[in-house]
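Trainee: Pasting the feature list from TrEMBL:
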- B:1-19: signal peptide (SIGNAL)
- B:26-50: compositional bias 'Polar residues' (COMPBIAS)
- B:81-159: domain 'Copper amine oxidase N2-terminal' (DOMAIN)
- B:255-321: domain 'DUF1965' (DOMAIN)
- B:406: active site, proton acceptor (ACT_SITE)
- B:487: active site, schiff-base intermediate with substrate (ACT_SITE)
């Protein structure tokens, strides 16, 4: 690095922030935030694991060097600090440190590595081209303006140097060309908080009468007010908000406590004096003014409904009769020989059996996988979550108006430390994840786990009266969990010995519920005054297949009923079926739903890479558990903000200008979002081109009593599997030694062939000793970036 | 038991059979049989398990007494023997012992318990009525006739008594009313074997020239001939057969070795002198006579294709480069505290946590579950496989004409001993299964396994900045594997702590393949001259729900797009969605396909058992991985034999006269099968009636190179889950103690709440010592029934 690197600035700048860490909320929706607590410095250690060679092996991935540097991985701490310092040094940004910034100050929301263009990466990997230039992707929250905007910038190249630093609006990856700017509907958070409290105070008599509660913007408030997302944008900016009861314990039951009183605000513009309270709704009756509502409330015959009140029904703690034998320690998976995979922690590189890949981690979408190779050949350039939609409906304006686009909140910030032995097996190994937040880099410790497991069924078997053969089904998983507000999304990428990759999403945590009154057409009544608010979860994944090169084609093979006369059928027509082979020729054909009765197989092949039998080598994509697309058609909430959710899968031409299907600020301008996914489809040929598949998982969720207190991962489950189709000449499951063949029934008795399998010649002195020490569960590690203070990391559990 | 019991006859009858065991083939399709070998007397033992109390517990279910006798379980050995003896004593049956019976002799095919009528069982269970009478279900193979038939008989009541034994045709459970008789198209097996060899011998010159092989009905034949199932029945009885190469090792690769030469026989009637060879097919060219085929064969320009030859490509043994670290012993599940479930082995009763059920085992369909209770209430009266269809298609007459209905072969006879540590975890416990065969009772030892497992993900979790909670996902499985010819079907019933039951079917083993010539519209070419013959697997399950009594209703709840104006929407129409609730009113509405986009939830409820919130308590049924119904419409192979395969699920009124959707001899008269499932649908009301759900799992299977040598269980997978919907008032997952809550971030550091969880204070001196001793894998245990010889069981591996 040249001595002129901008990073020297770090040590010259005055301390603009207090030395004690301090945070402001990026996200004004407090119910989506974790609540405050103090710092914590303990760390996980492996002290309790046996280490003697006679004992079963301790966890820990095997070490190896990645074949090349990870070009997708995040910025270094120094890079982030240098960019922060440079941005603060530039008067045109007029930045205020986050901790001190108010509604009319500009602040720095994000600094991340700008993911390099595929063109540049492939030039590096395939053509010995240079390492792609590194740029920082910056988001500035411009609030010092009548027209507040978020702006995406590119700053670089890195390392920053005095004479070459440039900053330019980031526009090329977006279909909307407005210099990377999107309006900021949340700029007036402080004003809005005050407004809510003020509106609520005007009916204090009623909130006290109905619920013995108040919301006045005070520390001792016993009610909470929050509402729709996205805001209504078709006629100015309209808000709808609801009163909710407060949770009474540490357990985060808030979203189970709606109270059924709603108000609407026209909050157009930044001048709150022009905002208007436009009405109240209670028990499905709309009142245009507070006076009208109050008059009705105190009239004879006004129907008052009950309140949803916190209690053990909403808590996940053990309750009820313990089933017989349940206090006996249950079955558990162990890894007697330790881990059987490699990592290069410096490069976020992972290798298991014949699979290898790199990982990256972003604020918006969390964990991504890159350059997934199988048997040395790239099969997937990128596998990554793009967006998660939770679209509600209801007879009330808050449920009806809710359609969360979760990258707004970000999966990265909420990918917390995993609970060892519960979220992942006790023997799993872990990686950290980091993201930028308020002039710090925040690290979720042990937030990504890696582990192998033996499935409860073999991958292959066959038996006759002479022999029985079976092969163990050992698979590898990389997993994160992101708790975005009430919901816990568990993302698992599973790799199998048959060459398949399973993309699995499960959901647990708290549902967001509806007040029960007249909501029967939108959900089941599940508690005293509670309705399980119906909603669709749809999550979009980018799967940039590169099957033996970038020239790929999406083919179809449909099982179709047919009536045929054959040379041998004596002139008779026979009712049978055929395999109808086809191709997705171009982007006009490329918005696809799974066929009725699962009749059509979709396979990405390289037609220039046929096998010796003339079949194209490829990877198939198909649901491994049910998936959905969005029920709602032309959603009034979403307009153009989630066009990727309308179908099950899509194929587009890969372009450096179309790297993502969604943007975290889609919700801020739903009629003209940063990325209109429909604009990707312009009829281009998809035959032997570099193609990208965008595929959805998800579920229709109509919560029932069994969702109380928390939805269960068992049934809240959706997944896609990518599996080789004519890719190799035989099943790769034969390569493992973890198989057996029994020859029996002969004169010699039964012989057992084990093919050189390893044995587990080790002891476990105490199974209990294999259990993780959960007292070591900690909060986030934080490193201050401005002023840069790399040598004094501290721990923090307060939510961002 | 009265002293007049017929069983005394057993000891009086002369010995009609040789004392050495001997078997004839029930099934003439030799390629579907296991091959011969000799006897074997070793047994599995647990000697290698540690037993000290300091060591982790040995397997073995906890003992308990079933609450009432199992009324579905099989006949006792003595009952079977008494019925056998009685039948042989009755001149009208004119029985010959199986070992000595030829094509023109009557023989005894099956004796089983006739499953009692639900009416009688519920009278016993609910009204303190008498134990249902026990009858034997007998099948006699009447071949001593120009019109050979199989006949189902009822013999009883049991125990047999001199003056009250009756035998009557079994007709009431069948829609076809022909005294329990169905024609037997396989009566002339010996004649047919000779015919095939004779036909083949007429072209010996050609088989030698093409493949250097012969099929002459001799021990040293190097070719195999087999063909379609069902036989064509629309114009007399037409057979199509194909030449196949022999496998060259113990590995059962036969179905990968088609040779592409076919001949057709009109085999109508029992007089083989009237049978005619009606033509040959090679390379899609049909020749009406052997002479025409020979003339063409020796003409210039005749195209000869290559042969599929056995070799290591078709073997499941380890082959290829061993992946790095694969010889290290992989992760494995252990049960440190032993089993946490109860069984009553005498009554085939199982209890795990809040689930309990009885099992039975039949020749046709293998394992069934009965009276499944959850928290003390019956939820399912019967859960059982009914039939499995594998419907092929192809450009050749053999693939085109194949539509196996596998209960013809039977799942019971092929539910072999499980491979411990591979088919089920090393710590699983096992049950035996038995069926009648050729005057013996044959027992598959350790053919049903029971085990608990911890899933690789929790069942619940949630975390905030103050706490993190998670609950382990421990589930229970009962499993059998049936290798019906080439295919291994793994049937698992999984029980979860959320109250759900998962019905899982996986397939491995060898595909049945096609000769490649001109088959590209029916499959992929996967080897030298081989096509992966496309086929649909459809398996039908009976699920007789009894939700809080027998008055039940199938309800629907559809997520539908909607455009609505609300009191609060200022007159604007909003695009949203609604929950459209409905009811399957009667059998006219009760042939159902899963809705597009999974939009409709199907739930069996009891509308007279509403919960305190007014919602009906019920169990939902939905796919947990993709399922299918049959692609082929009005199959020319099946005609009316598998009408249950046309849709995804069905609802019918429960009737003692409609206990099963299929019969093992459906294939023998496809135009008029014993059970025409369509006849169950006669418009009866289904509202608050005793209803039965018949649901299909299955997959479209278009084999590719990855199916060589064996299909893999990972992707060949289909399942349905039955899960409570508003059944309880909250999630039953809170009852387990296997959960944790971490309180962290506070002043006191992290506290770990474990809710009374058990600990695993035990040692595993050697993990290897937990592995089963697979040299103990044995064949079947056999007890001769006629003459009855209960004290001299022997072991046998020869196939039935």
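Cβ atoms are placed via backbone N, Cα and C, with glycine included.
All annotation found in TrEMBL is predicted automatically rather than curated by experts.
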Trainee: For the residue listed as 'active site, proton acceptor', write down the residues of its own chain that are at least 6 apart in sequence and whose Cβ falls under 8 Å from its Cβ; none is a fine answer.
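Mentor: Sequence-distant Cβ neighbours: B:387, B:388, B:389, B:390, B:484.
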Trainee: In the predicted model, what is the mean pLDDT computed over the domain 'DUF1965' (B:255-321)?
Mentor: 97
Trainee: What does DSSP give as the helix, strand and coil breakdown of the domain 'DUF1965' (B:255-321)?
Mentor: 16 helix, 19 strand, 32 coil
Trainee: Would you count the other CB atoms within 10 A of the CB of residue B:487 (active site, schiff-base intermediate with substrate), including those on all shown protein chains?
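Mentor: The answer is 26 other Cβ atoms.
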Trainee: Where does the residue listed as 'active site, proton acceptor' sit in DSSP terms: helix, strand, or coil?
Mentor: helix
Trainee: Would you mind splitting the domain 'Copper amine oxidase N2-terminal' (B:81-159) into helix, strand and coil residue counts from DSSP?
Mentor: 25 helix, 28 strand, 26 coil
Trainee: Using DSSP with the three-state reduction, classify residue B:487 (active site, schiff-base intermediate with substrate) as helix, strand or coil.
Mentor: strand
